[in-house]
Amino acid sequence: METIVENGNGKTMEFCMKDPLNWEMASESMKGSHLDEVKNMVAEFRKPVVQLAGKTLTIGQVAAIAARDDGVTVELAEAAREGVKASSDWVMDSMNKGTDSYGVTTGFGATSHRRTKQGGALQKELIRFLNAGIFGNGTETSHTLPHSATRAAMLVRINTLLQGYSGIRFEILEAITKFLNTNITPCLPLRGTITASGDLVPLSYIAGLLTGRPNSKAVGPTGEKINAEEAFRLAGISTGFFELQPKEGLALVNGTAVGSGMASMVLYEANILAVLSEVISAIFAEVMNGKPEFTDHLTHKLKHHPGQIEAAAIMEHILDGSGYVKAAQKLHEMDPLQKPKQDRYALRTSPQWLGPQIEVIRSATKMIEREINSVNDNPLIDVSRNKALHGGNFQGTPIGVAMDNTRLAIASIGKLLFAQFSELVNDYYNNGLPSNLTGSRNPSLDYGFKGAEIAMASYCSELQFLANPVTNHVQSAEQHNQDVNSLGLISSRKTSEAVEILKLMSSSFLVALFQAVDLRHIEENVRLAVKNTVSQVAKRTLTTGVNGELHPSRFSEKDLLRVVDREYVFAYADDPCLTTYPLMQKLRETLVGHALDNGENEKDVNTSIFHKIAIFEEELKAILPKEVENARASVENGIPAISNRIEECRSYPLYKFVREELGTELLTGEKVRSPGEELDKVFTAMCEGKLVDPLLACLEAWNGAPLPIC
C-alpha cells in the first residue's frame with residue numbers, strides 16, 4: 001500500500017487510506033450523550049493552557065482563547081516546527097527553480113494570468129490591496145470585529161498553518177502566539193469578507209500588523225489603541241517587522257479562520273443554551289403542575305431520534321422525585337373528568353421540539369471542529385510529492401451551512417421558550433398562578449411580567465427574522481472568479497446575534513420561572529392557612545346547635561375543605577372574603593347544598609343549616625383575612641409553615657444561584673425594583689459564564705440514561 005510522507009518530519013501516515021471518506025471518523029465523534037460533550041467542552045474551556053499541534057483543537061479551547069484574554073496561554077508543539085519549515089523551504093526552492101505556482105509567481109484570483117519573479121513584493125502588494133476594510137476612522141467600534149472573535153481567528157489560523165502545508169515560517173506563528181499570550185489584538189474590520197477565498201480582508205489586517213503596515217492598529221492589554229511598533233514591543237518580539245517571503249502573505253490570509261473562529265465561539269454558547277432549554281422546560285413543567293408522563297422513555301424510544309430521547313431523559317431526571325410533580329398528581333386526581341387529559345404542546349412536546357435542534361447544533365459543532373483542524377488555504381504544499389496542489393479548501397461552505405442551521409435551531413428553541421413563557425404568565429393556562437405572575441397583595445397595582453412578555457415577543461420576532469438563511473444570498477465576486485462563496489463569517493455573525501437574543505429570552509424566562517416558584521410557595525402556605533381557618537370556623541359554628549346538641553351542618557366540613565383544595569389561591573388571595581370571589585361563593589354553595597339535602601330539618605331553626613350559613617361567614621370574615629396575611633408574611637420573613645418545594649428538587653441549584661448568588665427576589669408592584677433590573681443580573685451572569693456550574697449541577701446525578709420502563 002502506498003504511504004504518504006508527512007511534510008518534512010520523515011514519519012509515514014495512512015490517513016489517506018484508512019477511513020478514506022472520513023465517515024467513520026465523523027460517526028465516531030457523535031458517540032456518547034450531548035450532555036457529556038457539553039461537559040467536556042466546559043472542561044476544555046477552563047484549562048489554563050491550549051496546546052496547538054494542528055489536529056486536536058476543540059470548540060472549547062477556541063472559546064477559551066476568545067473569552068479569557070488573561071487566564072489561558074497558547075503553546076505551540078515543537079514537533080510541528082520541522083514540517084512547517086519543510087513547506088516553507090519547498091516554496092523558496094521551487095521559486096528559485098522557476099516553478100510556476102499560484103500566488104507565488106502569479107497574480108491573484110481572476111488575474112492569475114499575470115506573472116512575476118518578485119515573490120516578496122507580490123506578498124506585500126497582496127496585503128496592501130486586501131486592507132480594504134472600513135473602521136469609521138477607527139473610532140466606531142461597531143465597524144470593528146469584536147476582539148474576542150479576532151483572538152479566536154488568530155488561534156485557528158495558527159492551528160491550520162502548524163500542519164505544514166502552507167509555506168510559512170514557524171517564526172511568524174510564534175509571533176502571532178505572542179500576540180495572543182500578551183493580549184495584543186489586531187483591529188480587524190467587521191465586514192468585508194465572503195469567506196471564499198477564505199476571510200481575505202480581515203485576515204490581511206493580522207498580516208498588516210506582522211509586517212508593520214502604517215495603517216495597522218491593535219488593542220493593547222489594557223484596552224489602549226496601539227500601532228504595530230508598540231504591539232511588537234509589548235509582545236516581546238525583538239526581530240522586527242516581518243518581510244514576507246513568497247507564499248507567506250497568501251498563507252496568512254487565504255483561510256477560513258475568522259468565520260470558523262467566531263462559529264466556534266457561537267457553538268460553545270449554543271450547546272450550553274441547548275442544555276439550559278432542556279432544564280428550563282422541566283422547571284416549566286414543575287411550576288405549571290404538568291403531567292410528567294410526557295417524558296416516558298418508551299414514547300421517545302419509539303420515535304428513534306437521539307436528540308429527542310436525550311432531551312426527554314434529562315427532563316425526566318429533573319422531574320423524578322420532584323415535590324411539584326407529587327403535588328400536581330394529587331391535584332390532577334381531583335375532578336379528573338373536568339380537566340384536560342394532557343398538557344399543551346409547549347410542555348408536552350418539548351422533547352420532540354428540542355431534540356432535532358440539539359441534533360442540529362451537535363452536528364454543526366462537529367462540522368466546525370473539523371474545519372478548525374483543517375488545512376484550508378490554496379495552494380497546498382505537498383513536500384512528499386514535490387508539488388503544489390491547487391484546489392479550493394478556502395471555500396468556507398461548512399461554516400455558512402453549519403451557522404445557518406445553528407441559527408435556525410436557536411430560533412426554534414427561542415420559539416419554544418416564548419410559547420412556554422406566554423402560558424406561564426397567562427392565568428387562563430397556568431393552573432392557578434396569578435395573571436402576569438403578579439406578586440403583590442393588590443393585583444390592581446401590580447402588572448408583574450407584562451412588560452417582560454412584550455419584550456419576549458420582540459426578542460422572539462427578531463430571532464425568527466435572523467433564522468432566515470445567509471448562504472442563499474451569494475453574489476459573484478472578484479471578476480466572477482469567486483462566483484460561489486460561502487458567506488461563512490456573515491452567517492457566523494448573524495448566529496452570534498441570535499445567541500445573544502436567546503440569552504435575553506433565557507434569562508427573562510428563568511426570572512419568570514423562579515417568580516412562579518416563589519408564588520407556588522406562597523400559594524401552598526396561604527392554602528394551608530385558609531384550610532386550617534375554615535376547619536376551625538366550621539368546627540366552632542357548624543358542629544353544635546344553640547343548646548349544644550350536635551347539628552346536621554357538622555357533616556359539611558369535609559366538603560368545605562375540599563373547596564379550599566380545589567380553588568386557585570390567587571383567585572381570592574387579595575380579598576379572601578369578597579363574596580364575588582370564588583372562595584366565598586363556593587363555600588356558600590356547599591353549605592346551601594347541604595341545606596337542600598337537610599329535608600324536614602330545615603323547618604326547625606335549631607336544625608336548619610341555612611341559619612348557620614350567615615354565622616359561619618361572619619366568623620370567617622373576621623378571621624380569614626388576618627390569617628392569609630400572616631401566612632404570606634411568614635413566607636416573606638423566612639419562617640413559612642411549609643418550606644419551598646424547590647429546595648428538594650433537582651432544579652434547585654439554578655434557583656439558588658439566581659436567588660442567592662445574584663441577589664434577585666420576588667418582584668411585586670409594592671417594591672421599587674423593576675423587572676429589568678432582575679433580568680439584567682441573570683443576563684449578565686449568563687454572558688459571563690456563571691450559569692454553567694449551577695446548570696450542570698442540576699444534572700450532576702444523571703447517569704446518562706432514561707429511567708427504566710416499569
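Positions of Cβ are set from backbone N, Cα and C atoms, glycine also.
The following features are taken from Swiss-Prot:
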ACT_SITE  Tyr102  active site, proton donor/acceptor
BINDING   Asn254, Gln342, Arg348, Asn378, Lys450, Glu478, Asn481  (E)-cinnamate binding site
MOD_RES   Ser197  2,3-didehydroalanine (Ser)
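Features as recorded by Swiss-Prot, highlighted on the structure.
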residue	record	contacts (Cβ under 8 Å, 6+ apart)
Tyr102	active site, proton donor/acceptor	Ser112, Asn378, Pro379, Ala388, His390
Ser197	2,3-didehydroalanine (Ser)	Gly109, Asn254, Asn378, Gly392, Phe394, Gln395, Glu478, Gln482
Gln342	(E)-cinnamate binding site	Lys291, Phe294, Arg348
Lys450	(E)-cinnamate binding site	Val425, Asn436
Count of other CB atoms lying within 10 Å of the CB belonging to Arg348 ((E)-cinnamate binding site): 17
Test of understanding: give the count of other CB atoms lying within 10 angstroms of the CB of Glu478 ((E)-cinnamate binding site). 16
Its Cβ having more other Cβ atoms within 10 Å than any other among the binding-site residues Asn254, Asn378, the winner is Asn254
